[in-house]
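For reference, the structure is listed below as structure tokens.
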């Protein structure tokens, strides 16, 4: 199983890069998380939110279409399904058994396009709270690591 994280935006602060790297390196080779950073759409003074989301959505879906193997598109969205870490662990176990390579999508500051949300196999919400997107990267990779530790009966989750 290869996990792809498709994230709109680049040039993250050092603490984000360090936090992400810390948890990514803890995951075993067979999970092999891959961060794909996609450019923010141009936001001029008179930009249209829908046009920006559409441009970013095209990049996201293009990256998804180029991801390897049998895939699932999972969009992170405030209106998505809330998961407990144990449920995420169950999903990871199923992905491994079924040979699925999940693509987890973190949208830009304006959210995800309707085309992304409509094409998603699943929509998840990490929290009912609004979070800065850099923090979501660290939170997501930590939760993937935590779910993996549950599957391994590792004491990290306790």
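Placed from the backbone N, Cα and C atoms, the Cβ positions cover glycine too.
Among the features that Swiss-Prot reports, S-adenosyl-L-methionine binding site is placed at 76, 107, 126, 127, 128, 129, 130, 131. In this structure, residue 126 (S-adenosyl-L-methionine binding site) belongs to neither helix nor strand by DSSP; it is coil.
Annotation: 127 carries the greatest number of neighbouring Cβ atoms among the binding-site residues 127, 130 [cut-off 10 Å, Cβ to Cβ]. Between the candidate binding-site residues, 76, 126, 129, 131, the densest Cβ environment within 10 Å is the one around 76.
In this structure, residue 131 (S-adenosyl-L-methionine binding site) belongs to neither helix nor strand by DSSP; it is coil. Among the binding-site residues 107, 128, the residue whose Cβ has the fewest other Cβ atoms within 10 Å is 128.
DSSP assigns residue 107 (S-adenosyl-L-methionine binding site) to coil in the three-state reduction, outside any helix or strand. Looking at the residues that bind S-adenosyl-L-methionine per the record, 76, 107, 126, 127, 128, 129, 130, 131, the two CA atoms farthest apart are separated by 16 Å.
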